[in-house]
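Listed in TrEMBL:
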{"type": "ACT_SITE", "residues": "K15", "note": "active site"}
{"type": "DOMAIN", "residues": "82-166", "note": "domain 'GHMP kinase N-terminal'"}
{"type": "BINDING", "residues": "P111, A112, A113, G114, G115, M116, A117, G118, G119, S120, A121", "note": "ATP binding site"}
{"type": "ACT_SITE", "residues": "D158", "note": "active site"}
{"type": "DOMAIN", "residues": "231-303", "note": "domain 'GHMP kinase C-terminal'"}
Amino acid sequence: MPNLQREWKARAYAKVNLHLGVGPMRDDGFHELSTVFQSVNIYDEITLRIRDNVLDRGKSPVAGPLKITGPTAAGVPTDESNLVWKALDRLALHIPLSYPALDVEVHKQIPAAGGMAGGSADAAAALMLAQKLYATFFELEIASADILQEIAADLGSDVPFTMMGGTALGKGRGEVLSPMLTRGEYHWCFIASAQGLSTPAVFKKLDEMREASASAGDGSLTPTLDVTDTAQALVSGDVHRLAKVLKNDLQPAALSLRPDLRKTMEVGMEAGALTGIVSGSGPTIAFLCEDAAQAEEVRSQVTLEIPKTRGYVASSPAPGVRIY
Ligand code: ATP
């Protein structure tokens with residue numbers, strides 16, 4: 001393999017849901033979503049290294065346990081349950097020849113199980129990076145754009161968005177995407193908890209709360225599927241306007257499972273955030289701020305007052321997967 005680049009790297013960006021409308025559960029067990037995704041500049045890095053040994057078709061291209069490094073590596077699986085491993089296995093099914101084994105490293109900075117699509121972004125980056133690596137190695141496109149999209153959606157509802165990044169409306173279970181117009185740069189402070197929240201558990205809790213509220217004749221948990229206010233705020237580029245319309249239907253469920261997050265919200269608001277919202281299925285709290293200095297103030301106050309939290313100052317929109 002003379003002259004072939006051995007080491008391949010990509011950056012995988014996190015996301016925040018500016019609007020997360022959750023409709024009823026569908027027959028396939030997924031909920032119908034109407035969501036506005038925006039990528040943020042907190043990222044993981046994926047490295048693929050080509051080994052000398054060549055594998056027969058059908059074998060996993062992943063040479064062994066993943067090397068997981070970085071500040072948020074704790075608890076992230078190193079085995080086949082990691083979405084990066086699954087992504088590489090799925091893509092390899094499309095290679096018509098023997099292929100090289102790969103060493104895989106994931107440097108984690110996105111909070112794990114934090115509602116910021118860290119695992120999904122890693123899978124998105126692994127897919128696009130491996131596609132490029134194989135295209136160079138075999139001088140052959142392994143999967144068409146349609147097949148890549150299909151694999152991405154199968155791996156998880158947030159994987160297609162984290163491939164493209166920017167700002168997009170997500171329908172279906174979040175995989176049917178349309179890019180959205182947005183102006184300006186937004187400044188955030190994200191507060192991650194030491195303990196993650198399981199996404200399926202939060203959806204289940206919302207279903208239970210909706211059932212209880214419907215039988216009590218209270219319509220407060222009805223789905224908010226209209227994203228017009230968010231779309232208009234994004235076009236205006238006015239952060240104050242956007243702060244007024246951030247919405248997450250999963251928030252009552254996440255707060256019910258993690259009542260301690262109310263205190264985090266309170267402290268962030270006292271520190272000057274324009275608004276605070278549960279990010280995706282939580283438990284990360286996203287504080288939208290006037291500027292980077294205010295975001296830094298919120299970060300330092302909240303992490304000082306609330307034990308076992310990690311704070312990040314970030315901006316949005318960020319790009320999708322970047323290969324370099
Ligand atoms: P989402 O916002 O897409 O629901 P999340 O941000 O809440 O996701 P992830 O960080 O994607 O959560 O992790 C969810 C679970 O997925 C973790 O508990 C972990 O066991 C598993 N997982 C698999 N692959 C990865 C990965 N590459 N990074 C982090 N977690 C992973």
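Heads up, residue numbers simply count up from 1 along the chain you see.
Backbone N, Cα and C define each Cβ position, glycine as well.
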Shell list (ATP; ref centroid = CB of P111, A112, A113, G114, G115, M116, A117, G118, G119, S120, A121; cutoff 8 A): A14, I110, G280
Neighbourhood of ligand 1 - recorded positions from K15, A117, A121 with Cβ under 6 Å: A117
A121 (ATP binding site) and K15 (active site), distance between Cα atoms, whole Å: 9
DSSP-derived helix, strand and coil totals, residue by residue, for the domain 'GHMP kinase C-terminal' (231-303): 42 helix, 11 strand, 20 coil
For the domain 'GHMP kinase N-terminal' (82-166), the number of residues DSSP places in helix, strand and coil: 48 helix, 10 strand, 27 coil
Residues that sit under 8 angstroms from P111 (ATP binding site) by C-beta distance, when 6+ apart in the chain: T72, G118, F190, A192, S193, G196, T284, R310, Y312
Same-chain residues at least 6 apart in sequence whose Cβ lies under 8 Å from A121 (ATP binding site): A12, Y13, A14, K15, Y43, D44, I110, D158, T162, V321
Least Cβ-crowded entry, counting other Cβ within 10 Å, from the binding-site residues listed as A113, A117: A113
Cβ neighbour count within 10 Å of G115 (ATP binding site): 30
Number of other Cβ atoms within 10 Å of the Cβ of G119 (ATP binding site) across all protein chains: 28
Packing count at K15 (active site) (other Cβ atoms within 10 Å of its Cβ): 31
